[in-house]
Amino acid sequence: MLLKGKTAVISGAASKRGIGRATAELFASHGARVAILDINADEAKAAAGDLPPVEHGAHIGLRCDVADRASCTSASDEVLSAFGVANILINNAGITQPVKTLDISDADWQRIVAVNMTGVLNLSQVFIPNMRQNGGGSIACMSSVSAQRGGGIFGGPHYSAAKAGVLGLAKAMAREFGPDSIRVNCVTPGLIQTDITGDKLSAEMRADIVKGIPLSRLGDARDVANIYLFLASDLSAYVTGAVIDVNGGMLIH
């Protein structure tokens, strides 16, 4: 077990086919006690209840709007009251919107940036002090291939910009908090089959996309969860400020 005795906080982890949920299940199977944060409180609690049991206490599910600092503070208070420590933070929550540059409204821009980028800052700010007090930790942040290639299939330019911002923020935090033994890394998935993407691809679209992927398939949520596990565990003890592509070779630098 790679995470036995550890506690992990994962945002955006209630959706049944989502990357966050797959990560929570994988972490629990490796011995971690997990706090699932999600905008929907009932779904978060249900998801936590479905996780494999661990030796050192029950998992919890809490409501958290990552775009709202007060909501993040409240969630962190509840997590630390229940667990005492947060060893791992997975900044996974995100939303997308497939609109073009000239169609992006101010409200669109603010919401996409607030959830995808500001949310990473908000949750990191409320959990880093506890990590410092307890000798370090690991933070992994969800970016996207969209940030690297200038857009994607389901995300507009504002999504691409927000996810690019996550890359810069994570690298800056890695540099700042390295002396505190807090590692910060990013994951940049390609097209992953989740609740968001699963029903939006026709057979023709899917076949066309797969032609451009050297591994000849779309990704699964577990493909990304496996990388989160690596970054959360001591297997990556000397890795910080890194960006790990999980795209089947869709983007080879």
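One-based numbering along the chain as shown.
The backbone N, Cα and C atoms fix where each Cβ goes, and this holds for glycine too.
Listed in Swiss-Prot for this protein:
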type	residues	note
ACT_SITE	Y159	active site, proton acceptor
BINDING	10-35	NADP(+) binding site
BINDING	S144	substrate binding site
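Annotated features, which come from Swiss-Prot, shown on the structure.
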{"residue": "I10", "record": "NADP(+) binding site", "CB count, 10 Å": "29"}
{"residue": "A14", "record": "NADP(+) binding site", "CB count, 10 Å": "26"}
{"residue": "G18", "record": "NADP(+) binding site", "CB count, 10 Å": "24"}
{"residue": "A22", "record": "NADP(+) binding site", "CB count, 10 Å": "23"}
{"residue": "L26", "record": "NADP(+) binding site", "CB count, 10 Å": "23"}
{"residue": "H30", "record": "NADP(+) binding site", "CB count, 10 Å": "18"}
{"residue": "V34", "record": "NADP(+) binding site", "CB count, 10 Å": "29"}
{"residue": "S144", "record": "substrate binding site", "CB count, 10 Å": "29"}
{"residue": "Y159", "record": "active site, proton acceptor", "CB count, 10 Å": "27"}
Using C-alpha positions only, work out which of the binding-site residues I10, G18, A22, V34 is nearest to Y159 (active site, proton acceptor). G18
Whole-number answer please: how many Å between the C-alpha atoms of G18 (NADP(+) binding site) and S144 (substrate binding site)? 15
Please report the distance from the Cα of the residue listed as 'substrate binding site' to the Cα of I10 (NADP(+) binding site), rounded to the nearest angstrom. 17
Reduced DSSP assignment, S144 (substrate binding site): coil
Could you say whether, by DSSP, V34 (NADP(+) binding site) belongs to a helix, a strand or a coil region? strand
